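Residues or ranges marked as domain 'Amino acid permease/ SLC12A' by TrEMBL: 96-268, 391-667. The domain 'SLC12A transporter C-terminal' annotation in TrEMBL covers 797-1025. Positions annotated as region 'Disordered' by TrEMBL: 1-29. Among the features that TrEMBL reports, transmembrane segment is placed at 90-113, 125-148, 169-190, 225-242, 249-268, 388-408, 428-454, 474-492, 528-546, 552-574, 586-610, 1033-1054.
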Amino acid sequence: MNERDNEDSGQNPRDGISRESSPFINSAEMDRGNMYEGKNMALFEEEMDSNPMVSSLLNKLANYTNVTQGVVEHEADEDSKRKEVKVPRMGTFIGVYLPCLQNILGVILFLRLTWIVGTAGVLESFIIVFMCCACTMLTAISMSAIATNGVVPAGGSYYMISRSLGPEFGGAVGLCFYLGTTFAGAMYILGTIEILLTYISPSAAIFKAEEVGEETEAMLNNMRVYGTCIIILMAIVVFVGVKYVNKLALVFLACVILSIIAIYAGVIKTAIDPPDFPICLLGNRTLSKRSFDVCAKFTERNNKTKTTNLWLLFCNSSLPTAMCDDYFSLNNVTEIQGIPGILSGVLIDNLWSTYSEKGSIVERKNQPSISGSEDIKIGGRPYVFTDIMTYFTVLVGIYFPSVTGIMAGSNRSGDLKDAQKSIPTGTILAISTTSFIYLSCIVLFGACIEGVVLRDKFGEAVDGNLVVGTLAWPSPWVIVIGSFFSTCGAGLQSLTGAPRLLQAIARDGIVPFIQVFGHGKANGEPTWALLLTAAICEIGILIASLDNVAPILSMFFLMCYMFVNLACAVQTLLRTPNWRPRFKYYHWTLSFLGMSLCLALMFICSWYYALIAMLIAGCIYKYIEYRGAEKEWGDGIRGLSLNAARYALLRVEDGPPHTKNWRPQLLVLLNLDCEQLVKHPRLLSFTSQLKAGKGLTIVGSVLQGTYLDKCVETQKAEENVKALMGVEKTKGFCQIVVSPSFRDGISHLIQSAGLGGMKHNTVLMAWPQSWKQTENHFSWKNFVDTVRETTAAQQALLVAKNIDLFPTNQERFTEGNIDVWWIVHDGGMLMLLPFLLRQHKVWRKCKMRIFTVAQMDDNSIQMKKDLQMFLYHLRLNAEVEVVEMFENDISAFTYEKTLMMEQRSQMLKQMQLSKNEREREAQLIHDRNTASRSAPAVKTSVAAAMPEKVQMTWTKEKFVAEKHKNKDTNVSGFKDIFSMKPEWGNLNQSNVRRMHTAVKLNGVVLNKSQHAQLVLLNMPGPPKNRKGDENCILYFTACVLLGTWFYCCLVWILQKKKKVASIINTWNYQPHDFCQLN
């Protein structure tokens, strides 16, 4: 059967399974389903667009390749849409071991290690090298664990630190590592110039010492001039072609390896035939052979005794009877071998340290010497002097750069065939090899070379030869040429790697001000970063002293290594599910030990450099935290914060805190418009002024509906609220709740906001100014329920009136008062609010005034004294005033308003209305009350007749339309309703007194606080009777609406005078005092 026949029969020729044609599947669906044909996964068709199948995912992971580190050459064919990425093929030996070996073995080994051994002695030198090598080994173990925890892209140590400790630590340590690498380039260049001008071609010096003692300054000037020229030349080479630098890396590495082999060969040769390098001593003082050729005072020529050039250096004439230096006359000139050999036993003499001051003469131990009078200055004598003051910590700082370079393998992670296997193996083997080389060289140098030669930093006692070169075989020039090319190559490598590290940090976008350095040439070369690197490297060149530059880069490298250890320790202790490194030979104690050792070495090297480096890293950290881009990399610091938060929440008692620790923990209730924008942004401004970033702040809002329908709106609302919180600098949490009703949503927020002991104790909301509108979500019913639920939850409630008039965070009050009307004791809440507000810059210059109300039987003078003493014990500064409110006759206006409320309540009871109808009738009460307040004042006689003219919304026609729905017995009840007349004697006297108190208090506050910037006032509690909606409306009207009327009148008058910014109503039901005396 052919293929066509198979297709006609509906059978797939590949699987042999017949496929029936179904009339329920149309052709369009068949075409759309062709992409899933043969996958047998029709059940997951809808998910395949967003979630790939496992087979395709595994295919992508298997074919994953890193972007190679270094220059990216563009393809010649510009029309090709797909660029081929060359698969990395470097293994452990070529890709990690040899680069680490080349970076670790360098300038310090050839130029300073012999001097360190001679100065510190073999034992202390061994301790220095062992500490530094242990530090790098522990760091390599931590780095191996991080590098094998997933695929490591190109980026090296910066990538590992930033992805493990977060963008703040990553950026700070990454920039420090960049600075260390840049100064390392300066150190290598200075080493190159020192080899050139001291050992290869001393005559090439531009500046010459005109007087005695100016040799050091002339040498530093030569270093600056030659260093500037070399750095420009190297920058041009790096700019033109990095690939040539990478190709020459093997040549430079070969020079290093040959030099080390020559050193070991020379050590072996000393056991057989030590080289001839005589050292001239005057007494026990070492003489420099740059100024004379014969190590003697007299010489025999033609059977005649003649003075030598050495004589002329210490005497005023060549005659034997000339006047000479006292020390020269008293001591003999002797000559010893500088390289006595490994079997000479000189190791015993070199075990102990010989530290000295700057300008001291290098002297041989156990050498007889007669001290003379130093009348003549020794500065012009041909002695070998020390150029710096030496002690243990200085030597640690100078030596540590020789063990850096362990990140070379991780920096090439993009070029490795298997980075997870190569990085740990190659790095640890390289550190082990170099540690053996350094430790063995210390012992061999101390066993083969005389101590005075070891302490001769520039080889002046051995005819200006490199000290380590005198030990090498077959010729000292092997070491000189090899060290010259190795230091030159290391400088090129630093100028190549540092700009790429800066470019990687800039492209991450975590440090805004360096983003310009992320750009470069078309082929990816970091041009701008190279220019900055050369400029910073020039700073090190201008310092001009290798001994002064080395401690600087030691600080930055040690800080980088410290955070690598910290990253490993944090990840190990957190035990995050993603922490599964393939390298198993690590432990958090090793990482902690490495971190402690790095920190100790920083302060051992130089405590002031350590503080400066920490200050730089701290400034970068805070800058990234304040202005940097937000990155979520799943770092360990976030995990550590979560663990710390969990631990703290478990420690916090789930109950009321002690009064000394109490502060308002706010739940801010926001109202959103139809576009999910905040209606009253000043509420968050007031929150930040009240909290100042301290304590807990939860910003909540309610969306009406179901979560499935409002999911998108919820995310949009949360983004808008968080953006506004950022603008207003409100530090807290955002919580959006979706509920079928606003009342239930607010209730859910009040009950469930917070976690454990971190729950709110105070609710802050805006006064519902448009609550009389029935379509307003925050209606009077929701408001009263919020007051009741806050009371039931034993929480304080702050209601800000005219919140849109509140000051912004940028405004400053130069004067004014914050008035507190302390009517009932609320636990000290009213006292605490102005104190907290005055901590903010907006309210700082406002004064606090406290008003209290005295009754008829109270002693006003004594009340004022007691209140002043109370404030003194509370440590609050405030003006105190006692206001006397006398009992007056209750006005007809008060009776009228109370009658209208009670009459409406009675009518609503008898009408037996539904819930919506009762709420509509109650709304009508408020509308007419508002209209009556806005109208001019009327006479008492007119006011007494007003209740008879009030019309009901329930007309007789409506009653007839509803009569079929009710029983006939109710008809007479409705007739009684319409025939009701006002009865003044039946009024509830309690409600009348409440209305009278509100009116009187209104007038007193208007009189006293009309010029205040802020008024704080107690509000009465909500009515306790909840038998029916009509009773709730009655008490709501009596208690809350009067408060609203009072505040509206107050705000209307004060707005016209433009003196008072706002008013806050305070309900407080905390069961204990917050401002207790202790």
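Think of each number as a place in line: the chain as shown, counted from 1.
Heads up, the Cβ atoms here are built off N, Cα and C, so glycines get one too.
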**Q.** Spatial neighbours of the transmembrane segment (474-492) far in sequence, C-beta under 8 Å, 6+ residues away
**A.** 102-103, 105-107, 110-111, 184-185, 188-189, 191-192, 195-196, 199-200, 230, 234, 237-238, 245, 248-249, 251-253, 255-256, 258-259, 262-263, 265, 465-466, 468
Q. In terms of Cβ proximity under 8 Å, which residues at least six beyond the ends of the transmembrane segment (90-113) contact it?
A. 187-188, 191, 194-195, 249-250, 252-253, 256-257, 259-260, 398-399, 401-406, 408-409, 412, 415-418, 421-423, 425-427, 429-431, 433-434, 437-438, 441-442, 445, 457, 466, 468, 479, 482-483, 486-487, 489-490, 493, 546-547, 550
Q: Run the contact check on the transmembrane segment (125-148) against the transmembrane segment (528-546): 3 or more C-beta pairs under 8 Å, excluding pairs closer than 6 in sequence.
A: no
Q) Which range out of 169-190, 249-268, 388-408, 528-546 gives the transmembrane segment (586-610) the most CB pairs under 8 Å? A) 388-408
Q: With a Cβ cut-off under 8 Å, give me the same-chain residues at least six positions beyond the ends of the transmembrane segment (388-408) that come close to it.
A: 96, 99-100, 102-109, 112-113, 116, 119-120, 124-125, 128-129, 131-133, 135-136, 139-140, 143, 156-157, 177, 180, 184, 187, 353, 355-358, 427, 430-431, 434-435, 438, 547, 550-551, 553-554, 557-558, 560, 601, 604-606, 609
Q | Close approaches to the transmembrane segment (428-454) from elsewhere in its chain (Cβ under 8 angstroms; 6 or more beyond its ends) | A | 96-97, 100-101, 104-105, 109, 113-115, 117-119, 121-122, 125-126, 129-130, 133, 136-137, 140-141, 144, 260, 263-264, 267, 270, 277, 279, 281, 286, 336-342, 344, 346-347, 349-351, 354, 362-365, 384, 402-403, 406, 409, 461-462, 467-468, 470-471
Q | Per-residue pLDDT averaged over the domain 'Amino acid permease/ SLC12A' (391-667), given as an integer | A | 87
